[in-house]
């Protein structure tokens, strides 16, 4: 399941974030790569311990945890804190699948879901599409600045070469309360239906029944 979430941050907020990020020292992105990824990856990143990156990462996580669509789709349990990358001058990241487990200072995170928050407007750079291969085929993603795409970490994906301009983004992984992607999809569809029926003033009994089904399935499938 691939979900696009528009306007996580406003244009004004993105401009402020970019001013802070652009002023930092960017390093070779392969300093965070495994052996296989290092042969396919050419980009720049901020150090994971950069204080500004950490501060903005906290802001991103807080914003996402307050976003109903993100919470409904991801059912987040634990984040691997956001990182920041930049592509320019032909830089690219060829097809790969993200590592299954990530280590943080607080323990291990199983990467159930990956997310990219775009911080460059699509008309300011050429190339740089996030191409994701999933059960519905290949999808090419290039969103407005401030918008986010969420997709299963099991997906084969790449960032195509940026042939002009500059593509800056935040990327992150998270462990969901529900490990299985198919179960998460069913819960998401059910939750969206409940919200739609609520907006249509459906009968109270119908909503009680559906909400009960949702929470009983979540109780059965969740791992905490």
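Cβ atoms here come from the backbone N, Cα and C positions, even for glycine.
Record note: Swiss-Prot gives 96, 98 as Fe cation-binding, and the candidate from 67, 157 in that site is 157.
Other than 96, 98, 157, the residues of this chain whose Cβ falls within 8 Å of the Cβ centroid of the Fe cation site are, in sequence order, 93, 95, 97, 114, 153, 155, 156, 158. Here the Cβ of residue 96 (Fe cation binding site) has 17 other Cβ atoms within 10 Å, regardless of which shown protein chain they belong to. Ranked by how many other Cβ atoms sit within 10 Å of their Cβ, the binding-site residues 157, 167 place 157 at the bottom. Over all protein chains present, the Cβ of residue 98 (Fe cation binding site) has 18 other Cβ atoms lying within 10 Å.
Cα separation, residue 96 (Fe cation binding site) to residue 167 (2-oxoglutarate binding site), rounded: 19 Å.
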